[in-house]
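To start, the structure under review is shown below, and the notes come after it.
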Amino acid sequence: MRLLYSLFHCSAFLVGFTLSVGVLPIPNEHAASIKAKFDDYAEHYLLPEDFHNAETAPVKKPTDAEIESMQNSLLFEGDIMGVPEIEKSDILKRLRDDPLLDEDEIFRKPFHSALNLVTYPDKLWPEGQVPYMLEEGMTNDQRTAIAQAFDEYKTKTCVRFVPKTDDDFDYIYVKRNVAFGCSSYVGRAGGNQTVSLEVDKCFSKGIIAHELMHALGFFHEHSRTDRDDFVDINEDNIRPGMMRNFEKYPRKIIDSLGMPYDYESVMHYHKLAFSRNGKPTIIPKDNEADVGQRYKLSEMDSKKVNKLYQCGEYSKTSSTTTTTTTTTTTTTTEEPTTTTEVEEKPKDKKVSSTTTTTKKPTTTTTTTPKPVERSRNKKCEDLNAHCGMWEQLGHCQHSVKYMAHYCRKACNLCEVEVTTTTTTTPKPVPRNKEKENKSASSTTRGTSTATSTTPKTTTTTTSAPKEKCEDKNLFCSYWAKIGECNSESKFMKIFCKASCGKC
């Protein structure tokens, strides 16, 4: 993909064309193939408009009944892929009755994964970067929901979902299904691993965030070794054959990361999970607890992700820089009365005077440095993991509003470095006053005077260019004439607004 980036600049589209018998320039094979490739990348990765829509679109809160309808009884715990169906009952029986001797028996390579990094040290995504690719044909609403889930992790954790490149062997492939529920592997499974989302059921921020948290390496909260201290499992209400979805894991497989049990986790089963009669299957011991939300990452979810991936407050390197401010303490003392004779010698006469100094306060200022945290967000940086790719695809010019805010560095729209110049010009001192000061300083104790000036700071900011509604490609008129405006072409929507009447 990197080799293709340079081809997407507008200048590339002008290379090689033929003129029709009439007026419109007709693109040659090279120009047509570049348009097709642009559309291909736009299909498989999110665009600025998807994240813009994610900010304004309402976030759906699925009900317990809706969540229950997404469960797939053929999958391990309803949504976990990678566990062979034939061996589930036997494996889980031995999990209850006997310590697990060979962890690969439950998660066969290359699909095994779990939280315990002593057991599974290679199942995290390196540096918290998760390459992804989308199935083509996603609707705008589906892309918006995925963008909302990606933003949820971007806002609360250090994990980033980034466009897959040719160098990425391991990546998640987000695809749609019909009547198969929502599902994912747990952790980095190796190669192309699927996050599958049922159409009309699974495309909401919280549901997708749940499946992505599986992909990051997390099981359901009720599977924790210590879960019996926090919830009761009512077997009488569980559908026949579904008890296997309520098992606990031994510590060899699952690691709680030293975090408390979280009723509010997006990974917790809801009360009616796999219910046979509409009555609760999971009952919190805390009567006020509500479990099973699929709306957002809880505070504890975010901490778990950050701790597992050693970032945020759990980073080995501090994420903030430190500066200092000052604390001032003032103490006032009184000086004794002092009489001083001052002699002035003008050219023609001699004047003798006596100056009486009354009691006056002397101020002593003590300055103590105080550390203050400064956020990294003040730096000029891109706020979306897609910015590099978008810049190469020309979105700095064609998605101006979003890019100017979230991709300032990639689009070279950062503030010019601020330079502050302070010049202090002392006021002229009258000759007589200067002599008086010199004389006084030789006969009395010195006092210190602190003077502070407030410099003027000039900041020059490069503003984002205004977006014009015009065609950005020579061949837009031709493509519009042959009906491309009515297609799903992202290229036409971005580069051919005038010809397509989208101004």
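Note that Cβ sites are derived from N, Cα and C of the backbone, with glycine treated the same way.
Predicted, not measured: the structure shown is a model, and the values here were computed from it.
Feature annotations, courtesy of Swiss-Prot:
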BINDING   His210, His214, His220  Zn(2+) binding site
COMPBIAS  317-340  compositional bias 'Low complexity'
COMPBIAS  342-351  compositional bias 'Basic and acidic residues'
COMPBIAS  352-370  compositional bias 'Low complexity'
COMPBIAS  439-464  compositional bias 'Low complexity'
DOMAIN    116-312  domain 'Peptidase M12A'
DOMAIN    380-414  domain 'ShKT 1'
DOMAIN    469-503  domain 'ShKT 2'
CARBOHYD  Asn192  N-linked glycosylation site
CARBOHYD  Asn437  N-linked glycosylation site
REGION    317-377  region 'Disordered'
REGION    422-464  region 'Disordered'
SIGNAL    1-25  signal peptide
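Excluding His210, His214, His220 themselves, the residues of that chain whose CB lies within 8 A of the CB mean position for the Zn(2+) site are, in sequence, Asp79, Ile80, Ser184, Glu211, Met213, Phe218, Phe219, Val266, Met267. Within 10 Å of the C-beta of His220 (Zn(2+) binding site) there are 24 other C-beta atoms, taking all protein chains into account. Counting only same-chain residues six or more apart in sequence, the Cβ atoms lying under 8 angstroms from the Cβ of His210 (Zn(2+) binding site) belong to Asp79, Cys182, Val266, Met267, Arg294. The Cβ neighbour count for Asn192 (N-linked glycosylation site), using a 10 Å radius over every protein chain in view, is 12. Remark: His214 (Zn(2+) binding site) has Asp79, Ile80, Ser184, Tyr185, Val186, Met267 as non-local neighbours, by Cβ distance under 8 Å and separation of at least 6 in sequence.
Asn192 (N-linked glycosylation site) sits 23 Å from His220 (Zn(2+) binding site), taking the C-alpha atoms as the reference points.
Under DSSP, the residues of the domain 'ShKT 1' (380-414) split into helix, strand and coil as follows: 17 helix, 0 strand, 18 coil. Predicted-model confidence for the domain 'ShKT 1' (380-414) is 85, expressed as mean pLDDT.
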